[in-house]
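What follows is a set of notes on a single structure, which appears directly below.
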Amino acid sequence: MRLILLGPPGAGKGTQSERLVTAHGIVQLSTGDMLRAAVAAGTPVGLEAKDLMARGELVPDEVVVKIVADRVEEPDAKNGFILDGFPRTLRQAEALESMLAQKGIKLDSVIELSVDEDALLERVERRAREAAAAGKAVRSDDAPEVVRKRIGDYKSVTAQLKPFYSERGLFAVVDGMAPIENVTAAIDGILADTRASAS
Ligand code: AMP
(Lines of atoms letter the chains of each structure in order from A; the text may use other names.)
(Lines give C-alpha, C1' and ligand atoms only; values in the text may rest on other atoms or scores of the structure.)
Protein backbone atom coordinates (compact mmCIF):
# COMPACT_ATOMS: atom_id res chain seq x y z
CA MET A 1 0.00 0.00 0.00
CA ARG A 2 1.64 3.22 -1.18
CA LEU A 3 -0.23 6.42 -0.97
CA ILE A 4 0.03 10.16 -0.80
CA LEU A 5 -2.19 11.92 1.72
CA LEU A 6 -2.95 15.55 0.93
CA GLY A 7 -4.71 18.02 3.18
CA PRO A 8 -4.31 21.44 4.78
CA PRO A 9 -3.37 21.92 8.44
CA GLY A 10 -6.14 20.73 10.73
CA ALA A 11 -7.68 18.39 8.12
CA GLY A 12 -6.91 15.30 10.19
CA LYS A 13 -4.02 13.86 8.18
CA GLY A 14 -2.16 12.92 11.35
CA THR A 15 -5.12 11.04 12.83
CA GLN A 16 -5.87 9.18 9.61
CA SER A 17 -2.21 8.38 9.00
CA GLU A 18 -1.92 6.79 12.45
CA ARG A 19 -4.91 4.60 11.68
CA LEU A 20 -3.56 3.57 8.27
CA VAL A 21 -0.16 2.77 9.75
CA THR A 22 -1.76 0.47 12.33
CA ALA A 23 -4.23 -1.14 9.95
CA HIS A 24 -1.84 -1.80 7.06
CA GLY A 25 1.56 -2.18 8.73
CA ILE A 26 3.03 0.65 6.71
CA VAL A 27 5.08 3.72 7.65
CA GLN A 28 4.28 7.40 7.51
CA LEU A 29 7.00 9.37 5.76
CA SER A 30 6.80 13.06 6.50
CA THR A 31 9.38 15.16 4.69
CA GLY A 32 8.89 17.89 7.32
CA ASP A 33 9.81 15.42 10.08
CA MET A 34 12.79 14.08 8.11
CA LEU A 35 14.09 17.59 7.46
CA ARG A 36 13.63 18.62 11.11
CA ALA A 37 15.60 15.52 12.13
CA ALA A 38 18.35 16.42 9.64
CA VAL A 39 18.49 19.97 11.03
CA ALA A 40 18.68 18.65 14.62
CA ALA A 41 21.45 16.22 13.64
CA GLY A 42 23.36 18.94 11.78
CA THR A 43 23.77 16.83 8.62
CA PRO A 44 24.68 18.55 5.32
CA VAL A 45 21.00 18.35 4.27
CA GLY A 46 20.02 19.85 7.63
CA LEU A 47 22.46 22.72 7.19
CA GLU A 48 21.07 23.44 3.74
CA ALA A 49 17.45 23.23 4.92
CA LYS A 50 17.68 25.08 8.23
CA ASP A 51 17.30 28.72 7.18
CA LEU A 52 14.80 27.96 4.42
CA MET A 53 12.59 26.10 6.87
CA ALA A 54 12.84 28.87 9.44
CA ARG A 55 11.52 31.28 6.79
CA GLY A 56 8.73 28.87 5.80
CA GLU A 57 10.24 28.50 2.32
CA LEU A 58 10.53 25.28 0.37
CA VAL A 59 13.73 23.26 0.48
CA PRO A 60 15.09 22.62 -3.08
CA ASP A 61 13.31 19.84 -4.93
CA GLU A 62 16.46 17.76 -5.48
CA VAL A 63 17.24 17.74 -1.75
CA VAL A 64 13.78 16.55 -0.76
CA VAL A 65 13.57 14.04 -3.60
CA LYS A 66 16.90 12.51 -2.52
CA ILE A 67 15.84 12.05 1.10
CA VAL A 68 12.58 10.44 0.02
CA ALA A 69 14.41 8.19 -2.47
CA ASP A 70 16.74 6.99 0.31
CA ARG A 71 13.96 6.61 2.86
CA VAL A 72 11.67 4.40 0.74
CA GLU A 73 14.58 1.94 0.39
CA GLU A 74 14.71 1.31 4.12
CA PRO A 75 13.37 -2.05 5.35
CA ASP A 76 10.42 -0.61 7.31
CA ALA A 77 9.07 1.01 4.14
CA LYS A 78 9.11 -2.19 2.08
CA ASN A 79 5.55 -3.04 3.04
CA GLY A 80 4.30 0.37 2.02
CA PHE A 81 4.17 4.00 3.00
CA ILE A 82 2.10 7.14 3.32
CA LEU A 83 3.82 10.22 1.98
CA ASP A 84 2.97 13.29 4.02
CA GLY A 85 4.13 16.76 2.95
CA PHE A 86 5.59 15.40 -0.30
CA PRO A 87 5.29 16.05 -3.21
CA ARG A 88 4.73 19.78 -2.85
CA THR A 89 5.58 20.86 -6.39
CA LEU A 90 4.98 19.49 -9.87
CA ARG A 91 8.71 18.84 -10.24
CA GLN A 92 8.67 16.76 -7.08
CA ALA A 93 5.66 14.80 -8.37
CA GLU A 94 7.47 14.12 -11.66
CA ALA A 95 10.67 13.15 -9.86
CA LEU A 96 8.72 10.85 -7.55
CA GLU A 97 7.07 9.19 -10.53
CA SER A 98 10.34 8.39 -12.25
CA MET A 99 12.05 7.41 -9.00
CA LEU A 100 9.30 4.93 -8.11
CA ALA A 101 9.27 3.58 -11.68
CA GLN A 102 13.03 2.95 -11.45
CA LYS A 103 12.54 1.09 -8.20
CA GLY A 104 9.59 -0.89 -9.60
CA ILE A 105 7.24 0.58 -6.99
CA LYS A 106 3.64 1.43 -7.86
CA LEU A 107 1.75 4.30 -6.25
CA ASP A 108 -1.75 3.11 -5.30
CA SER A 109 -3.60 6.32 -4.59
CA VAL A 110 -3.44 10.03 -3.87
CA ILE A 111 -6.12 10.96 -1.36
CA GLU A 112 -7.04 14.51 -0.50
CA LEU A 113 -8.84 15.29 2.75
CA SER A 114 -10.99 18.22 1.65
CA VAL A 115 -12.13 20.76 4.21
CA ASP A 116 -14.39 23.75 4.48
CA GLU A 117 -11.96 26.63 4.99
CA ASP A 118 -14.21 28.65 7.36
CA ALA A 119 -15.01 25.60 9.46
CA LEU A 120 -11.34 24.74 9.56
CA LEU A 121 -10.38 28.19 10.83
CA GLU A 122 -13.15 27.96 13.41
CA ARG A 123 -11.87 24.54 14.51
CA VAL A 124 -8.30 25.78 14.87
CA GLU A 125 -9.40 28.97 16.66
CA ARG A 126 -11.50 26.94 19.08
CA ARG A 127 -8.50 24.71 19.79
CA ALA A 128 -6.44 27.84 20.56
CA ARG A 129 -9.17 29.32 22.83
CA GLU A 130 -9.59 26.06 24.73
CA ALA A 131 -5.84 25.74 25.21
CA ALA A 132 -5.61 29.33 26.48
CA ALA A 133 -8.60 28.81 28.84
CA ALA A 134 -6.96 25.67 30.23
CA GLY A 135 -3.77 27.62 30.87
CA LYS A 136 -1.89 25.65 28.16
CA ALA A 137 0.48 27.11 25.62
CA VAL A 138 -1.21 28.03 22.33
CA ARG A 139 0.59 26.57 19.33
CA SER A 140 2.17 29.43 17.41
CA ASP A 141 1.16 27.87 14.10
CA ASP A 142 -2.48 27.91 15.24
CA ALA A 143 -2.61 31.71 15.09
CA PRO A 144 -5.41 32.52 12.59
CA GLU A 145 -3.20 34.54 10.24
CA VAL A 146 -0.61 31.75 10.18
CA VAL A 147 -3.29 29.13 9.55
CA ARG A 148 -4.67 31.26 6.71
CA LYS A 149 -1.22 31.43 5.13
CA ARG A 150 -0.69 27.69 5.51
CA ILE A 151 -4.08 26.99 3.94
CA GLY A 152 -3.21 29.37 1.08
CA ASP A 153 0.15 27.64 0.51
CA TYR A 154 -1.56 24.29 0.54
CA LYS A 155 -4.10 25.40 -2.07
CA SER A 156 -1.39 26.29 -4.53
CA VAL A 157 0.17 22.86 -3.97
CA THR A 158 -3.04 20.94 -4.74
CA ALA A 159 -3.76 23.17 -7.71
CA GLN A 160 -0.60 21.69 -9.26
CA LEU A 161 -0.93 18.13 -8.04
CA LYS A 162 -4.62 17.50 -8.62
CA PRO A 163 -4.51 17.61 -12.44
CA PHE A 164 -1.25 15.62 -12.48
CA TYR A 165 -2.66 12.73 -10.43
CA SER A 166 -6.18 12.97 -11.89
CA GLU A 167 -4.72 12.37 -15.37
CA ARG A 168 -3.15 9.20 -14.00
CA GLY A 169 -6.42 8.05 -12.43
CA LEU A 170 -4.91 8.16 -8.94
CA PHE A 171 -6.64 11.16 -7.38
CA ALA A 172 -9.48 10.75 -4.88
CA VAL A 173 -11.16 13.18 -2.52
CA VAL A 174 -12.57 12.41 0.91
CA ASP A 175 -14.65 14.79 3.03
CA GLY A 176 -12.24 15.68 5.82
CA MET A 177 -14.96 17.47 7.79
CA ALA A 178 -16.87 14.24 8.39
CA PRO A 179 -16.52 12.41 11.72
CA ILE A 180 -13.17 10.60 12.11
CA GLU A 181 -14.72 7.13 11.70
CA ASN A 182 -16.46 8.13 8.47
CA VAL A 183 -13.26 9.57 7.03
CA THR A 184 -11.42 6.35 7.87
CA ALA A 185 -14.22 4.30 6.27
CA ALA A 186 -14.10 6.45 3.11
CA ILE A 187 -10.32 6.04 2.83
CA ASP A 188 -10.63 2.27 3.37
CA GLY A 189 -13.23 2.18 0.61
CA ILE A 190 -10.90 3.91 -1.84
CA LEU A 191 -8.03 1.62 -0.96
CA ALA A 192 -10.24 -1.46 -1.35
CA ASP A 193 -11.33 -0.26 -4.80
CA THR A 194 -7.69 0.35 -5.72
CA ARG A 195 -6.76 -3.19 -4.69
CA ALA A 196 -9.76 -4.66 -6.52
CA SER A 197 -8.92 -2.87 -9.77
CA ALA A 198 -5.25 -3.91 -9.50
CA SER A 199 -6.08 -7.61 -9.16
P1 AMP B 1 5.85 20.44 7.16
O2 AMP B 1 6.16 19.81 8.49
O3 AMP B 1 5.38 19.42 6.16
O4 AMP B 1 4.92 21.61 7.27
O5 AMP B 1 7.25 20.99 6.58
C6 AMP B 1 8.01 21.93 7.29
C7 AMP B 1 8.98 22.63 6.35
O8 AMP B 1 9.86 21.66 5.77
C9 AMP B 1 8.35 23.32 5.16
O10 AMP B 1 7.92 24.63 5.47
C11 AMP B 1 9.50 23.33 4.17
O12 AMP B 1 10.45 24.33 4.51
C13 AMP B 1 10.14 21.99 4.40
N14 AMP B 1 9.53 20.94 3.56
C15 AMP B 1 8.81 19.86 3.98
N16 AMP B 1 8.43 19.10 2.95
C17 AMP B 1 8.90 19.72 1.84
C18 AMP B 1 8.82 19.44 0.45
N19 AMP B 1 8.14 18.38 -0.02
N20 AMP B 1 9.45 20.29 -0.41
C21 AMP B 1 10.14 21.36 0.03
N22 AMP B 1 10.25 21.70 1.33
C23 AMP B 1 9.63 20.88 2.23
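Placed from the backbone N, Cα and C atoms, the Cβ positions cover glycine too.
Going through Arg71, Arg88, Arg91, Arg127 against TrEMBL, the one listed in the ATP site together with Gly10, Ala11, Gly12, Lys13, Gly14, Thr15, Ala178 turns out to be Arg127. With a CB cut-off of under 6 A applied against ligand 1, the binding-site residues Gly10, Gly12, Gly14, Thr15, Arg88, Arg127 are reduced to Arg88. The most densely surrounded of the binding-site residues Ala11, Val59 is Ala11 (count of other Cβ atoms within 10 A of its Cβ). For the pair formed by Gly12 (ATP binding site) and Phe86 (AMP binding site), distance between Cα atoms is given as 16 Å, rounded to the nearest Å. In this structure, Thr15 (ATP binding site) is part of a helix by DSSP.
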